[in-house]
Amino acid sequence: MPDTDRRDMQQKGFLNHMANKEQRPVRSDHAGKLMPQAEKKLHEAVCVLLVELCERFTFFGIVCNMILFCTAKLGYRSHQAAMVNVCFVGTSTLTPVLVGWLAEYLVGRIKLVCICMFLHFLGTALLPVVSFPFEDVYIDRRHILLTLPKREQKIVFYFALLTASLGIGGIRAIVCPLSAYSLEDCGPKELLSFFNWFHWLVNLNSAVVFVSISYIQQSVARNLGFLIPFVSGLMAMITIHMVRGEMIYKPKADSSLLTTFGVIFSALKTCCVRHRYFSTTMASWLDHAKENHGGHYSETQVEGTKSLARLFPLFAFQILYRTCIMQIPSGYYLQTMNSNLHFGGLALPVAAMNVISIVPLLILVPILECINSWLFSSKDTGHSPTIYIVVGHLSAALSVLVAGFSEMHRKHFPQVEQTLSQEVLLVSSMSCFHLAPQYILLGVAEALVTPSCSLLSFWLVPERMRGISMHFLALFNGAGCFMGALFVQTAHAGTQGSWFPHLLHEGKLERFFFFLASLMMVNTLGFWTIAHRYNNLHEDCANEFRGNNPGEKLLKHVKAIKHYNAVLESSSILSPVEKT
């Protein structure tokens, strides 16, 4: 009996301690600390957003007139300039994945962000060296011509693009990761709203860049245009330096990209061996990687990879869509450059036409917010953004199709001389605004597809796998960029320059657009057939993906036990028998 009383007293003391621990947050002294904590979070969010906008300002400033610079100053053919631009976009999309892995396993986050800031500064500082010709230098009243030779100019140019893309990857992966915005407790409605407005801000920033920088590069001070990305990168570094202790986000330790690839390769290896020598059947081929089935990975790791593998078809169908989007900085840009850019006596910059593709997104996001609020508020409708993705893919296919007809229409106009970056070109007299429908359709596609894909990639996996899922989405988007460059090279080489010519009026660029549109239509139909897999975003669907994780089940049981202990002690309705 004394032992029993002692155990009862210990249990009661433990329960009192748990109850006091649960009640502690509601005290008045803690309430006074909420405001500074909230102000700190707001300060961090504003700083991260500012750095994000500065980085995008730098990125779009480099991209907006790269084709014109490569063709007019470096002497590249049109298809080569388009490939360089698209490959830079693809590299900048993939480098955050690489830098994020280096930060976690090899270098360290603080050290690596300093290296990336230096690379970003170096790349943006070297671009003016390539673009500035030093032709107007006078020493002792003598005119000095200090132009950089073409070969060295190209070497410096590629080195600057590589270092800038690595710096961009470091900023996106370490300073501005998606997890820095604290989205863990958000539901699908809040997540879709976040992704909509986040892309709205990014595109608003890009609209300002395309109008201002492209005009400066092309008209006012063409040789100083690349100095603006340098200034923008300097602003980003100053912002990071001011709040470096609070801005460098440290994510939670969760599943890694290497672990995910290891599970996949281990399952494939074991599956092939067992298929050859044994005839065993399992619910999923990834189960072969589990330790209890002869693999090397725990059940938690395998189940997380299985939830991610369900998204692979979604990712795969985004590759060709991203290839269509890459027509804006490649094929569409060349069409605009070879059209009449004069409007009411004003010479428009080529990249300013990109704003036409951004305007639909800026208009549609508030409208989509209202639609989503109504749809998610209805409990009976299984609303899913997959319908947005299908419509967006269809809009992208129609855009490329319209681009083909616009190219045929453009050739019927007589040619006129037009000066671009002090180079006289023969272009069609057709107004560049005739190309507006294809830009608008791609803008509608981006407004519908990108936030919806981000939501599905983020929501339909366990919490610890969300960063890996977004990395895979970036990998497939980068693959779409490089596939666009491969299509350009293949079309040019396979048709002796006819499908992607240097002089558009001498080739058949419309055939390239028609071919790409036909592929995109097939891609749209393919995704439509599997869209039902991602239709349910309600709680049942979330539990289905998250309920298979034993670690998360155990965590829920531990939380339930703690909650029960606190209630057991604080409840006043327990009977005397229950209290003894």
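Glycine residues also receive a Cβ, built from the backbone N, Cα and C atoms like all the rest.
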Transmembrane segment per TrEMBL - which of 46-65, 386-405: 386-405
The transmembrane segment (109-134) touching the transmembrane segment (386-405) per 3+ Cβ pairs under 8 Å rule: no
Cβ-based contact of the transmembrane segment (346-365) with the transmembrane segment (197-216), 3 or more pairs under 8 Å: yes
In contact by Cβ distance (the transmembrane segment (155-175), the transmembrane segment (255-272); 3 or more pairs under 8 Å): no
Whether the transmembrane segment (439-460) meets the transmembrane segment (155-175): three or more C-beta pairs under 8 angstroms: no
Cβ contacts under 8 Å made by the transmembrane segment (472-492) with residues that lie 6+ beyond its boundaries: 79, 82-83, 86-87, 89-91, 93-94, 96-97, 308, 311-312, 315-316, 318-323, 325-327, 330-331, 453-454, 457, 499-501, 512, 515-516
Annotated stretches the transmembrane segment (311-334) and the transmembrane segment (109-134) touching (3 or more Cβ pairs under 8 Å): no
